[in-house]
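Undergrad: Would you mind keeping the following structure in view while I ask a few things?
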Amino acid sequence: MTTAAERKYINIRKRLDQLGYRQTLSVDSLPLVEKLFSDLVHTTESLRQCRLSSGKAEKESANLDFVLEPYKLENTRLNKENNELYLELMKLRECSDKHIKDLKTTLKKCSRETADLKFLNNQYVHKVKVLEKESKAKDEKIQQLQEKNLRAVVQTPGGRKRNIAFRRQRMQIDEPAPPSEVSAYPVPQPEDPYIADLLQVADNRIQELQEEVQQLQEKLAQMEKGVLDYSKQIELREREIQRLSLALDGGCSPDVLSLETRNKTNEKLIAHLNVQVDFLQQANKELEKHIQELMETKETVTTEVVNLSNRNEKLCQELTEIDQLAQRLERHKEQVLETADKELGEAKKEIKRNLCEMRNLEEKMSKLQWELDLSHKEKERLNSELLLKSDLETVVHQLEQEKQRLSKKLQSFAVTERELTLEVERMRLEHGIKRRDKSPSRLDTFLKGIEEERDYYKKELEKLQHLIQRRSCAINYSAREKPPVVKCSEKGDCSTDVHLITRERDELQRMLERFEKYMEDIQSNVKLLTAERDKLNVLYKEAKEELSTLRKESTNSTSPNHLVSCVEKEKERALSELRRITAEKEALREKLKNIQERNAVGKSDLEKTIEHLTYINHQLENEKYELQSKMLMMKETVESLENKSKLQAQKLSHVTGDSSHQKTEMTSLRIVSEQLQRSLDDCQHRLSIKRGELESAQEQIKMLEQKLENLSHRMTVQSEETHAMKKTIGVMDKEKDFLQETVDEKTEKIANLQESLLSKEKVIAQLKVTVAEYETSLNQLQETLTTRDREINSLRRQLDASHKELDDVGKSREISFKENRRLQDDLATMARENQEISLELEAAVQEKEEMKSRVHKYITEVSRWESLMAAKEKENKDLLDRFQMLHSRAEDWEVKAQQAEGENSSVRLELLSIDTERRHLRERVDLLEKEIQEHINAHHAYESQISSMAKAMSQLEEELRRHESEKATMLGDVSSLRELCIKLDSGKDVMTQQLNSKSLELERAVAELENVKSESELLKKQLTNERQTIKNLESLLATNRDKEFQSHLTSHEKDTEIQLLKEKLNLSESKLTTQSRETSMLRTKVTQLQTDYDNLKRQMSNEKYERERAIQEMRRLGLPTSPLSSTLKSPVQTPDHINA
C-alpha cells in the first residue's frame, strides 16, 4: 500500500510541477488534489471541445454565406431573364401594332385601286358600247347602200339606155359620193353618271397625287428631324451608359439592365421608323408608276383600234389567196387519200402476219424462260451445297485444332503431374506427407472423368465413320447413274436431262439434310467438349488446392512412409491411365486422318458431279444463246451469294475469336501455374531466411546476456537521457499543438475550397445548359436564315421576271409612242390638248428621271444591304468559329474540372487518411505519455530505492562482518534489481524504437504538410485561373448575347423587308390578274371583230363573184365593160371612204 501511495504522490507531484504548481503537498491532501486535478483535466478537455464547436459554428456560418452566394446569383439571373422577357413582350406588342397598321394601309391601297379599276372598267365598257354602236351604224349603212331598190340601167348597142325588169337591179355609180362635212357621227352621251372624260379624271388624279407627294415629303422632313433628335438622345444615353458602366465595374444592377433594354428598344423603334419611311417612298414610286401605266394603257387601246382597221384590209387580200390554195389542197388531199387507203390495206395484212409471228415467239420465249429458271434454281442449290461443304471442312479443321489443343493440354497435365510427383518425393524425403481421406477420392473422380471422355470420343468417332460411309454410298450411287445422263445429253433429249437433274437435285437435298444433321451433331459435340474443358479446369484447380494444402501440412507435420508409398502407387496408376489415354488419343487421330481421306474422296466425287452439271449447263446456254440479255438476273443472285459468303466468313471469324479466347484462357491458366510455382519457391526461400533469423536471434540472445552486465554502468547515463527526453517531449508537445492548429486551419481551407469547387461545378453546369441553349438557338437561326435566303432568292427571281415584263412593257410603250405620233398627225383637231398632254408628259419624264435616280439609289442601297448581309454572314461564321473554340475550351475545362474533382477526391482521401493517422498518433502519444510517466515514476522510485540502498549498502559495508545473515536477503534484492534493470533496458529499447518511429512519423507529417501547402497553393492558383477564365467566359457570353440580339434585330428587319416584298408581289400579281382579265376581254372583242370581219369578207367575195359573173355575161352579150369596171373599182374605195 505504501508503495502505491508513494507512486500516486510522485505522479501528482510531477504533474503539478509540469503545470507550474510548485507549492508543497501533504500526504493527507492527496485524494483531494487528485480529484481537483482530474476535474481540471476534464474542464480543459471540455474547453477544447467548446472551442472546437465554436470554430465549427463559425465555419458553418461562413459556409451559409458561401452557400447563399449562388442563390443570390440565381436571383440576379432571374431578374435579368424577367427583364428580357418583358422586353420581348414589348417587342411583340410593337410588332403586332406595326403589322395591324401595315394591314390597314394595304386595305386602303386595295380599296383605292379597286375604285380606280372600276372606273377604268366602266370607261372601257362605255367605249366598247360606243364602238359597237358605230359598227352597227356602219353595217346598216353598208347594207342600205348595197341593197337599195334602184333600177339597173343597161346600155344597148344603139346607144340607148333600157330598164331590165327581171334581172337583179344593180347600183350604177358614175362618180364617188362627195366627202361628208362632219368628221364623225354624233356619239350619244352615256347614261351612267360615273363615266366621265378620261383626261379630266387623269388631270384630277395627277393633282391629287402631287398633293399627296407634297404631304408625304413634309412628313418625311418631320420624320428626319425626329430621327436626328432621337439620334442625339441616343448619343447622350450612350454616354450615360458608359459612365454608369465605369461606375459599376463589379456587376450590373437591374436598373442599368432596364436602361440598356430601353435604349435597345428605342434603337429598334428608330430602325422601324426608317423602314416605314422607305416603305412610304416606295409606295409613292409605285403610285407614280401606276399612273404612267394607266396613260400607257390608254394609248395602247387607241393604237390597237388603228391596227385592227389596217389588219382588216390585209385580211381581205389574204382571204382570196387562201380560197385558191384551199381548192388546190382539196385536190391534192383526194389523191393522197387514195394512196393512203391502199397503203393501209397492205399495212394491215403485214400487221396480222407480224402478230402471228410475235405470238409464236412469245410462246417459245416463255418455254425457254421456264427451262432457264429451272436451271438457275438447280445451280443455286448446288452452290449452296458447295458452301455447306466448305463449312463442314472448316468445322473439321476446327475440330482437328481443338484435338491438337487438347493433346497439348494432356501433355501439360502429364508434365504437371510429373512435377507434382517429384515435389511429393522431395517432401517425403524432407518431412513426409500426412494422408487424408479426400485426396484419393478426388483422384478417382479425375480418372473416371478421363475415362468418360475417352468413351465419349470413341462414340463420336463411330458416329462420324457411319456418316462418312453413308455419304460415300450416296456418291457411288450418283456416280453409277452418271453414264446414262451423258448418253441422254449426247442424244439431245431435254426431257431426260431434266429428269436426271431432278434426281440429282433430290439426292443432293438428301445429302444436305444429312450434312445439316452432321453439323448439329458437331455443334453439340463442341458444346460438350467446352463443358468438359471447364470441368477439367475445375479439377485442375482443385488438384492445385490439394497440393497447396499437402505442402502446408508437410511443413507443419511429418507423415509416415506407408502413406507416401500409397500416394506413389496411386500416382503410378494415374500415369499408366494417362499413357493409355494418350495411346487412345493417337488411335483417334489415325481414325480422324482416315476420315479426312474419305472426305477428300467424297469431295472429288462431288467435284465430278459438279463438273457434269456445269457441262449440262453449258449445253443449255449454247442452245439458248438468244436469251443472254436476261442472264443479268444471275448477277444479282451471285451478289446475294457473295453477301451470304461474307456473313459466313464473319461467323468463321467469330468462331476463330472464340478459339483465341480459349487459347488466352489456357495461357492464363499456365501463368497461374507459373505464379504458384514462384510462390512455392518464395515460401522455401522465406523458410531458409527464417532459419537464418532464428540463428541470428540465438546469437542476439547471447549478446543481450552480455549487455545485461553493462546495464548497471549505463543507468547513470540513462537518467541524463531521461531529462533530455523530458525536454524533447515538451518541445514535441508544443510542436504537436502547433501542428494541430495548422491542420485545423488546413482543414478549414480545404472545406472552403471544396465549397468553392462545388459552387464552380454548379456554375459550370449552368454554363453547359446555357451553351446547349445557345447551340439550339444557333441551329434554329441557321435554319431560319436558310429559309429566308431561299425566300429572298425566290423574290429575286420574281423581281427579275417583273423586270423582264417591265422591259417588254417598255418596248410596247415605244410602239405606242410611235402610234401616238401617227394619231397626232391624223388628229389635227386635238392639237391643243396634245400640247397640254406633251407638257404633262415632259413633267412625267422629269419625274421618271427622278424615279430612275431614286431606283439607282435604291439599287445602291440594296447592294449596300447585300454587302452588310455578307459581312453579317462572315460575322456569323466568326461567331460559329468562336463558339466552336468556346465549346472546345468548355470541354477542356470540363476535363480539367473532372481532373480537379479526382484530385479533390484524392486530397479528401489523403486528408481522411491523415486524420486517421493523426488520431492514431494522438492515441499512441497518449499511451506513450502514460507509459513514460509510469516509467518516470518507476525510475524515481528506483532512484529513491537506489539512494536508500546505497545508504543501506554503506551501512551494510560497515556491518558486513556483523550481519552475515542479512547478506542472503540483500542478494535476493540484488536479483530483483537485476530483473528490474532488464525490464528497464527492454523498456528503454522499446522507447528508443518508439521515439525513432515518432520522429519518422513527425518527419512524414511535416513532409505531408509541406505537400498539402504546395497543393493548396496550386489549388489557389488554379482557382484564380478558373476565376479569370470564368470572367472571360462571362464576357464572351455577354458579347455573344449582344451579337445574337443584333442578329435577331437584323433578322426581324429582314422579315419586315420580306413581308413588304411579299406585299409588293401580291400587288403586282393582282395587277397582272387584272391585266390578264383585260387582255382576255380584249381578245374576246378581237375575236368578235374578226368574226365580223370574216362576214364582211364573205359578203365582199360574194359581190366580187357576182360582178365577175355579170362581166362575163356582158361580154357574152357583147356589151361594153367599162362602167362595170368602174363599179368594180368603186366598192374597193368605199371601205376607205367609210373609214375616213
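Note: Cβ is positioned from N, Cα and C throughout, glycine not excepted.
Sharing the record's features from Swiss-Prot:
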- 75-151: coiled coil (COILED)
- 199-416: coiled coil (COILED)
- 447-644: coiled coil (COILED)
- 668-1036: coiled coil (COILED)
- 1079-1113: coiled coil (COILED)
- 1117-1131: compositional bias 'Low complexity' (COMPBIAS)
- Ser439: phosphoserine (MOD_RES)
- Ser688: phosphoserine (MOD_RES)
- Thr1121: phosphothreonine (MOD_RES)
- Ser1130: phosphoserine (MOD_RES)
- Thr1134: phosphothreonine (MOD_RES)
- 11-64: region 'Homodimerization' (REGION)
- 1117-1140: region 'Disordered' (REGION)
- Lys101: site 'Microtubule binding' (SITE)
- Lys104: site 'Microtubule binding' (SITE)
- Lys108: site 'Microtubule binding' (SITE)
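Can you walk me through where each of these features ends up in the structure?
TA: Across the residues of the coiled coil (199-416), the predicted structure has a mean pLDDT of 76.
Within its own chain, Ser688 (phosphoserine) has no residue 6 or more apart in sequence whose C-beta sits under 8 angstroms from its own.
Long-range Cβ proximity for Lys101 (site 'Microtubule binding'), meaning a same-chain Cβ under 8 A and a gap of 6 or more residues, is found for none.
When secondary structure is read from DSSP and collapsed to three states, Lys104 (site 'Microtubule binding') falls in the helix class. The Cβ of Lys104 (site 'Microtubule binding') lies under 8 Å from the Cβ of no residue that sits 6+ residues away along the same chain.
Within the same chain, no residue at least six positions away from Lys108 (site 'Microtubule binding') has a Cβ under 8 Å of its Cβ.
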Undergrad: What does the DSSP secondary structure composition of the region 'Homodimerization' (11-64) look like, as residue counts for helix, strand and coil?
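TA: Per-class counts: 44 helix, 0 strand, 10 coil.
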